[in-house]
Amino acid sequence: MRLLICALLCLGTLGLCLALPEKTIRWCVVSDHEATKCSSFRDNMKKVLPAGGPAVTCVRKMSHPECIRDISANKVDAVTVDGALVAEADLPHHSLKPIMAEYYGSKDDPKTHYYVVAMAKKGTGFQLNQLRGKKSCHTGLGWSAGWYVPLSTLLPSGSRETAAATFFSSSCVPCADGKMFPSLCQLCAGKGTDKCACSSREPYFGSWGALKCLQDGTADVSFVKHLTVFEAMPTKADRDQYELLCMDNTRRPVEEYEQCYLARVPSHVVVARSVDGKEDSIQELLRVAQEHFGKDKSSPFQLFGSPHGEDLLFTDAAHGLLRVPRKIDISLYLGYEFLSAFRNLKRGLEDSQRVKWCAVGQQERTKCDQWSAVSGGALACATEETPEDCIAATMKGEADAMSLDGGFAYVAGHCGLVPVLAENYLSTHSSGRLGSKCVNAPLEGYYVVAVVKKSDVGITWKSLQGKKSCHTAVGTSEGWNVPMGLIYNQTGSCKFDAFFSRSCAPGSDPDSPLCALCVGGNNPAHMCAANNAEGYHGSSGALRCLVEKGDVAFMKHPTVLQNTDGKNPEPWAKGLKHEDFELLCLDGTRKPVTEAQSCHLARVPNRAVFSRKDKADFVRRILFNQQELFGRNGFEYMMFQMFESSAKDLLFSDDTECLSNLQNKTTYKTYLGPQYLTLMDNFRQCLSSELLDACTFHKY
């Protein structure tokens with residue numbers, strides 16, 4: 001009986017019982033043709049994989065959405081899909097993750113994206129804004145190229161199948177419900193139950209099928225990947241029979257797709273479970289597969305092609321697979337522009353009546369909740385553990401805004417966020433407060449300084465090696481990027497844990513020498529945390545670290561003056577005078593802390609509020625309104641103070657006079673300026689930012 005059961009299981013999964021489950025990669029296939037190719041994949045991998053390595057089995061399902069659900073349910077392990085289908089599946093948060101991305105172009109210049117184009121026969125005359133009432137062919141319901149991109153371009157937000165069915169006279173949208181929306185399946189060519197099927201059983205399924213629908217004269221317009229056009233029509237003579245419909249309501253030749261497309265979309269991607277997903281085994285399997293059966297290999301079996309049909313297991317146009325950085329989840333992979341269109345179509349327009357501020361750590365969350373309570377519904381709060389987590393949350397639409405130091409602004413800019421307003425500081429204006437003029441006052445930036453105790457007379461900038469150092473946090477301008485960038489220029493090494501004897505650099509590995517001086521907080525888990533739970537976090541925390549344990553501290557230039565001479569009532573600052581400290585100058589001399597203008601490491605941009613492009617104007621309006629109520633001269637200043645905190649620098653810097661206009665510096669590059677960008681670009685190889693790696697994975 002046990003043998004009979006195993007035999008039946010093996011028939012259902014094409015050999016699942018022949019390998020140990022923990023060594024088996026269960027690949028999901030959606031058609032007989034894919035099952036045939038997958039069987040060849042399995043058999044050929046047996047020849048090249050080492051003994052004891054992962055084995056491939058093939059599991060037949062009816063559609064890619066079913067594959068996605070079954071990966072989440074641990075019934076299969078992997079499939080290559082359009083990332084939008086994962087977002088569409090509405091699975092538990094982060095249950096699946098992208099692990100290997102198809103790339104196009106050369107190995108030296110891989111492109112992990114493609115262009116979605118609207119294609120029509122030459123001479124048909126209509127433009128993109130004249131598609132109402134036309135016949136259309138689509139790759140499939142829920143797919144980027146054939147569904148979300150054209151619908152978000154052509155139809156009002158919140159519209160989906162119903163609106164598409166009324167917009168076009170008739171269509172072929174494989175995977176659609178033909179009973180509920182008969183016009184969406186009217187043009188499909190499948191017979192019987194195969195009509196409008198969610199696999200190659202429907203001849204017009206996928207990008208190749210949607211193009212064939214146009215070639216057969218079935219439709220007036222087809223929405224496809226540009227790659228498919230060049231694969232299916234290798235000669236210019238064939239392509240010259242068609243034209244692309246452009247966003248400016250003109251037409252262009254097919255060759256000009258880079259100037260005439262609807263959207264640029266991330267490539268198809270191999271997905272697996274986020275937990276116990278066999279990620280390493282799948283990546284190793286595909287690495288070996290590419291080495292033996294990849295593009296331009298002479299083997300009869302081809303990973304990116306098949307005699308049995310098009311785009312089986314992988315896209316035929318793919319040149320290879322790239323490992324996706326671990327930080328990237330499906331939201332980061334797809335990007336906020338695509339997700340914005342996706343969310344609008346799926347749920348309708350987002351609620352734009354309030355700003356969701358991202359607080360870093362519990363202390364900031366407490367202040368944010370106080371602000372939210374008096375904001376009149378204009379502000380809500382989200383919480384993350386690090387500034388980079390807040391950047392990621394904002395990209396995904398889980399938060400809307402936060403104030404960032406220049407170092408994190410550099411990361412946010414690479415992730416597609418934009419500056420909205422800048423902090424303008426009291427200390428930069430010799431004449432005192434600017435009042436109502438502050439919002440348009442020049443942004444002067446601040447100095448990054450290296451501070452030592454006056455009594456440590458032997459320490460200079462040139463004798464820091466082996467000393468104990470205090471840093472605001474890893475990734476910040478004043479505490480890390482500027483001083484470590486200068487040290488890197490001198491040593492050529494990113495091993496900063498070997499340069500200093502011990503340090504407190506919040507955000508580092510808690511077990512490294514870079515956290516050896518940190519004090520943590522009430523919870524041992526807060527040791528070296530990249531937020532205010534670490535007592536030595538921030539500029540004031542770095543000064544405290546210097547007072548209690550360190551030899552040198554890196555901070556903003558006003559910090560010593562803000563925490564001495566009775567200005568800070570905390571026990572560690574009691575009795576401190578600003579004369580107790582000195583600045584280290586780059587020429588090896590030292591100066592009083594009041595002379596930062598002539599003795600500093602660099603001048604860097606002020607902190608700035610960052611948001612998504614689609615939310616930036618709204619965030620700006622809300623913050624100006626809140627500032628009128630709770631800013632330095634606000635009408636409700638006694639109820640809540642935006643720029644004062646129970647701890648140091650919560651949500652905003654405590655020395656902020658106001659949030660100011662950017663004065664035409666509306667991109668992260670123009671805001672940060674060429675000098676800071678050069679510093680960061682030179683220092684980039686020393687940046688341990690998984691998010692920066694994730695946001696620069698797609699090379700546009």
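Our numbering is plain: 1 for the first residue shown, then up by one each step along the chain.
Note: Cβ is positioned from N, Cα and C throughout, glycine not excepted.
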Feature N-linked glycosylation site, as given in Swiss-Prot - residue among N489, N664: N664
In sequence order, the recorded positions (C260, C390, N664) whose C-alpha falls within 10 A of C381 (disulfide bond): none
Between C415 (disulfide bond) and C246 (disulfide bond), the C-alpha gap once rounded to whole angstrom: 27
Nonlocal residues around C518 (disulfide bond), in sequence order (Cβ under 8 Å, 6 or more apart): C504, P506, P510, M527, C528, E534, G535, Y536, C545
Close disulfide-bonded residues near C188 (disulfide bond), where close means Cα within 10 Å, chosen from C58, C137, C213, C438: C137, C213
Which listed residue (C545, C686) has most other Cβ within 10 Å, given these are disulfide-bonded residues: C545
From disulfide-bonded residues C58, C260, C368, the one whose Cα lies nearest C137 (disulfide bond): C260
Spatial separation of N664 (N-linked glycosylation site) from C438 (disulfide bond) - C-alpha basis, Å: 16
